[in-house]
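For reference, the structure is listed below as structure tokens.
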Amino acid sequence: MRAFLVRHLLLCVSRIFISTSLFFSESFFLSPSCKLRRQFNLNGIHRAGNVILGGLFEVHYNLIKTDILCISFDPPGFRHAMTMAFAIDEINKNSTLLPNVTLGYSLYDNCATLGIGFSAALSLASGREEQFLPQENCLGSPPVLGIVGDPFSTFSIATSNVLGLFKLPIVSLLSLIVFNINDRQRFPSFFRTIPSDAFQVRAMIQILKRFGWTWAGLLVSDDDYGHHVSRSFQSDLAQSGGGCLAYSEILPWGTDPNEYKRIVDVMTKSTARVVIVFAHQMHMIQLMEEVVRKNVTGLQWIASEAWTLVDGLHTPAFMPYLGGTLGIAIRRGKIPGLREFLLRINPEQHHSNDYENSMVRQFWEYTFHCRFAPPPADWVEADGALCTGQEDLENVETEFLDVSELRPEYNIYKAVYALAYALDDMLRCEPGRGPFSSHSCATLQTLEPWQLMYYLEKVNFTTPFGDQVSFDENGDALPIYDIMNWLWLSDGRTKVQSVGEVKKSPFKGEELTLHKDKIFWNFENKEPPKSVCSETCPPGTRMARKRGQPVCCFDCIPCSEGKISNKTDSMECTSCPEDFWSSPQRDHCVLKKTEFLSYHEPLGICLTTTSLLGTFICAVVLGIFIYHRSTPMVRANNSELSFLLLVSLKLCFLCSLLFIGRPRLWTCQLRHAAFGISFVLCVSCILVKTMVVLAVFKASKPGGGAKLKWFGAVQQRGTVLVLTCIQAAICTCWIVSASPAPHKNTEYHNDKIVYECVVGSTVGFAVLLGYIGLLAILSFLLAFLARNLPDNFNEAKFITFSMLIFCAVWVAFVPAYVNSPGKYADAVEVFAILASSFGLLVALFGPKCYIILLRPERNTKKAIMGRGNTKDVPINIGGTHTAAPSSPLSETLEGIPAQLFFA
């Protein structure tokens, strides 16, 4: 049915176009004089002037086709026509706008019918009487220079298709249809003062975004208006990211109850609480009847301009459901003096000034229920009195005089002034500086419509109401809409109030202003509803789209460790910087915790205390040995090496402190060097002591005395020094070639920064440890060989035991060190240092201190050298020869320098 209507409409338009073309061609080119081929019987009102502007308005909205008569008079439509007459009258009284030029008008009634409206447009373009046509040769100014109207989009398209060929400007007041990009070439002379549906769609999307409604339903009428809106709405909504459509349905023409039931069922089952409707009054009435029947409540309706201000929906039956509706309405303006002008309308006045006043006479008869003489043939006295023309409009109630909501009228007012300003600019052109060929200007005697169209494209002025008027490249004025809200009052009355506006300015772009405190919400909590497919994802989560559903339907997935989202509805989680980590809520990054073996944590405190305790014990033992340095126990244990050994042990205890605290470059370089040199010094002393003891007892055998010259005091010191210097050289090469350095390690823990010292060169570290191990093993083997020597004299067993502890600790250290992360690797190394140091300290000096302090009777030469009846053996103690009790041991010491034992 719809396709048939469209084809029929196009066929009618094409036929009219062909006949019109033939008419113009014959009149303008073949005939020596201009004559009208046909006159149309049209309702109109006219006024003469230097320049005539045309107007097309809906004064009637029904047609008797047989008689070509318009019935069903529409007072608001007549008010629209009179608004144009008022604007022209106001311009003629303005001394600054179009001075010395009088504007006239020809206003026609289109009867809400395409054929009548098209005929009226052709009459405006060609003229209605021969006496008002151009000169005989069809030259001179055309009958009208511009047309205001038509109020219908379809009529405007049909009219612009034809009149656009002659560049006759048409400024529409209510045409909302969205044109494509190439349509400007088809309609080069079409302008409008009402925003297109494209802007209305964007305005609604802004309202959705303002209230966070991301899930809505769309209902459109089954015509060009609805289909254009549906495509535009879905594409703009997707581009803006403002939400999704839960459903999109087409409201059919005619009465199809099953289709309306199906649509209401879709609305009921959907989770969308917002319904957007681009439709006409008849669609809404049928839809609401079904909504009431099924009692579908809890919906927030958003109305298009077509039904926002329709009184027919403000009924007690509909308002419980439609209360709180938000709608788009044409901008309401104030036109001072309009009501007074309307009150002065009089058929007698217009009849004397003008040559046609059929519309005024019809309005008068409709308003006062009378007839002008001569009355119709079938007129009887009961039909009403005869009109005198002296009736008073102020004494009758008519919506014609209601100027409280001047919305279409305001667009008409702006359209007339746009044409007037364009004409004024054109007539102010300075000769020689014009925009046309050879810099010529247009003159009042030779005005052409295309010249006016040139200036109309560039017009820019501000109305007394403060609205700026200009046209863009598509012929659209700067758009502005009022946002309306339906109030359902407690007494059952309905009020439609303005709660904001949406407009577009050349500098600020599109702006939406809403007074939320004035909005009436038809819900129990008096708050705007929630209409979302999925709840908002809070910070710390990201949206994960549900498969097979619109983008507005999603799950909220928590961000993984190390990533955050600090705003709602984040599409992705962002990674934190290197030194930061995600908070437990994953909504912001926090500085990573730092980890190292600290002096302030329990482990660090214990190790520090143990290190200082070991150092203190070494100092105490050293003090004991110094205090008792003249006793046989001290002297018999090579006191010089013992003192050096105690000092090295003290350094071993102290070097462990370098492993505690935040690593620095100097601590990283010094810790391993100090550790390696201290332990080599310690083990070297033990090795030399072991070698001396073993050499002494080997020298007691026949022929072994000659070897003792290699184990004097100088040789002992030299050996310790050489062995220690080798370790020092290893450390120096290591630090120079690949120095240990502090390092921020983020591999052990994601949420921590582990500060550690990297060894720099694994080979250097291995050589350092290997050298210590080599000396320790050598000391262990030599001590093991000397383990069966006389107990009272040598400490071979204690050295063997101390080296066994030392080797066991460091053999266990290597795998424990490798497998311990971060600060625990340092703790393992410190523990190994302390354990081995304590092992050496206790094993080597524990028994001696026990004898010195607790068993002084055993701290004698007799006890050390052996028991029994022995002969005196000369021993050199401190350079003095003395006698010692003879024993089997003393026999073996005969002839051996005593300073090897009692240094």
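Just so it is clear, glycine is given a Cβ too, placed from its N, Cα and C backbone atoms.
Pulled from TrEMBL, these are the features on record:
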TRANSMEM  602-627  transmembrane segment
DOMAIN    603-868  domain 'G-protein coupled receptors family 3 profile'
TRANSMEM  639-661  transmembrane segment
TRANSMEM  673-697  transmembrane segment
TRANSMEM  718-738  transmembrane segment
TRANSMEM  758-786  transmembrane segment
TRANSMEM  798-818  transmembrane segment
TRANSMEM  830-853  transmembrane segment
Across the domain 'G-protein coupled receptors family 3 profile' (603-868), average pLDDT on the 0 to 100 scale: 82
Dominant neighbour of the transmembrane segment (639-661) in 602-627, 673-697, 718-738, 758-786, 830-853, by Cβ pairs under 8 Å: 602-627
Contact call for the transmembrane segment (673-697) and the transmembrane segment (602-627): at least 3 Cβ pairs under 8 Å, seq gap 6+: no
Non-local residues, at least 6 beyond the ends, that sit with Cβ under 8 Å of the transmembrane segment (798-818): 683, 686, 689-690, 769, 772-773, 776-777, 779-780, 783-784, 786-787, 825, 828-829, 832, 835-836, 839-840, 843-844, 847
